[in-house]
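Annotation source TrEMBL lists domain 'Hydroxymethylglutaryl-coenzyme A synthase N-terminal' at 20-193. Among the features that TrEMBL reports, active site, proton donor/acceptor is placed at Glu102, His271. TrEMBL lists Cys136 with the feature active site, acyl-thioester intermediate. Residues or ranges marked as domain 'Hydroxymethylglutaryl-coenzyme A synthase C-terminal' by TrEMBL: 195-477. Summarising the annotation, TrEMBL assigns CoA binding site to Ser228, Lys276, Lys280.
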Amino acid sequence: MIVSPIRMPGSLPAVCEAAWPKDVGIIAMEVYFPSQYVEQAELEEFDGVGAGKYTVGLGQARMGFCSDREDIGSLCLTVVQRLMERSGLSYESVGRLEVGTETIIDKSKSTKTVLMQLFEESGNTDVEGVDTTNACYGGTAALFNAVNWVESSSWDGRYALVVAGDIAVYATGSARPTGGAGAVAMLVGPNAPLAFERGLRGTHMQHAYDFYKPDMVSEYPVVDGKLSIQCYLSALDRCYSVYRNKIHAQWQREGLDKRCSLEDFGFMVFHSPYCKLVQKSLARLMLNDFLCHHSPDTQSGPFSGLEAFRDVKIEDTYFDRDVEKAFMKASSEAFESKTKASLLISNQNGNMYTPSVYGCLASVLAQHTPQQLAGQRIGVFSYGSGFAATLYSIKVTQDATPGSALDKLVSSLCDLQARLDSRKKVSPDVFAQNMKLREETHHLANYIPQGSVEELFPGTWYLTRVDEKHRRQYVRRSMNDDRPLEAGLITSCITAEHIPSPLKKMPRIPAATAGPEGLVISNGDH
C-alpha cells in the first residue's frame, strides 16, 4: 500500500505553486518626512546632557518633527498622492489599500477611510483593507496582508497599496531624542523588482509591556527602556533562528548542504528606534552565527579572537558589554557593507515607528545603483513593541537594464539626500514650543491649527481645522507656488490605466509624468 506523505494544514502541493503570481513584492516606493528638523547636538546642549549622548550614544544627527498642521491623516494623504503621481498610476488600478500605524486619532474610523477621498474622482470604491496596529510592526503586517492578497484566490489582478505612517513624540526626558515622523507608501504586485522570498519569514510574538500607549488622550507612550531593548534583541534572536531553519530546509530540498549566515545577505536592514541599536543588532546576528557554528575559526576571519565567548548563553548577553563590544568590532566590516547605508533617513530624520524599517530599505535603494542591487538578498527585521517581530527576505531582480522596473524604482528614490538637505533647521527652543503646542492641543475639538503653512514642502497635505464634532479638514499645498490649492477637483493630465484582468500580467508602470494638483478634503462632510 502506498502511503501519501503527511502535509501540514494549509500547505499546497508543489503542482499548485505554478498558479501563484510570480515574484510578488514591491514595485514602487515613496517616502515622506517633515520639512523641519532639530540638530541633535544642539538638543544635547538645550537639554543639559553630556555632549555626545544623543549623537554618539544613540547615533542620531537630526530629528524631523511635525507642527500641529500635520497628523496621521495628512502624512498618509501626502505620501499616497505623491506615489500615485510619480508612478503615473490611476486610482482605478488599486484593489487593496492597507495602512499600518500606531498614531491613532480615532478609536473607530480608520486612516484608510480618510485616504479613500483621493479615490473619489476615479469612482473606485472597490478597495479592500483597513488599518493594522501593533506599535512599529503595523506596517509590516499591512505589507504581509497585501502580499498575501496578491497570492490568494481573492486577488482580482489589481495592485495593492501599503502605507506605513507615524508621528513619534515623547514627553520631555531621555526618550524625546528618539522621536521623528514620516510615512512610506509601497505599491505591491507581481513581477516586482523586490520580490518576497516565499516561505522565508521567521516570526516571534510575545506579551510584554515594554512600550505601550494606554492614555487615549495623550500622544506619549509609557516606555520601559531596558525591557524594550531586551525584547527587541530577544525577538531578533528568535526570528533569525526560525528564518535560518526555514531557508536551510529549502536548501536541503534543492540539494544544497549549507547553513545560513550573514554572508547570505547582500544587505541587512532593521527597524531603527535609534541608529546605535541597529549596529548592535547586526553584531548580534554575528554572535548568533558564531554560537551556532560547529567549529568557528577563531584564528582568522570574522571570528578571529572570539574564542573566549564560545560558551556564552545567548539569553545572558543582552546587556553584556564585553560581548557587545567584541562582536561590534568583529562585525564592523559587515556593518559598513550591509547595513550602514540603510541608516540615512534614520540618522537624519529619527524614528518613524511603522515606516522606520521601510525608510531603511528606501535608503539602501537610494544609495546604490541598479547594478549593485541586482540579484541581492535583502534581509529585513521588523519589530513592534508589545511585542511582534518578523525577519524575512527580499530578492532583488537580476534585471538592472535602463528602463527596467528596478531602474525606475531606484531612480524614483535618488533624490532622498537632496530632500533631506532641503529641510529647514530650527532651534531646540522652537522644537520644544512645537512639542508643547501638540501636547496642549492634541485631540481638541473646534480647533484651528497654529503652525506655519509656508514651512511645509510643496504638495504636502495639512490640517486646516478640527470642527466641533472632531471632523478633520485638510488642504494640499500647491506643488508650484506658496498658495494652498483651491477647493474642487482638478482633472489629471495622466492617462488613466486600465484595470488589469486577474488572468493577465500586471501592466508595467508608465514613466512618471506631471500629476494633478489636488483638492480640499476632510474626513467628515464633503
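Quick reminder: no glycine exception, Cβ is built from N, Cα and C everywhere.
What you see is a predicted model, and the numbers here were worked out from it, not measured in a lab.
Using Cα positions, the member of the active-site residues Glu102, Cys136, His271 nearest to Lys280 (CoA binding site) is identified as His271. In this structure, the CA atom of Glu102 (active site, proton donor/acceptor) is 7 Å away from the CA atom of the residue listed as 'active site, acyl-thioester intermediate'. Apart from Ser228, Lys276, Lys280, the CoA site neighbourhood in this chain, defined by C-beta within 8 angstroms of the site C-beta centre, holds Ile229, Tyr232, Leu233, Pro273, Tyr274, Leu277, Val278, Ser281. Residues listed for CoA, Ser228, Lys276, Lys280, cover a largest CA to CA span of 14 Å. Confidence over the domain 'Hydroxymethylglutaryl-coenzyme A synthase C-terminal' (195-477), given as mean pLDDT on the 0 to 100 scale, stands at 96. Looking at the residue listed as 'active site, acyl-thioester intermediate' and Ser228 (CoA binding site), their Cα atoms lie 12 Å from each other.
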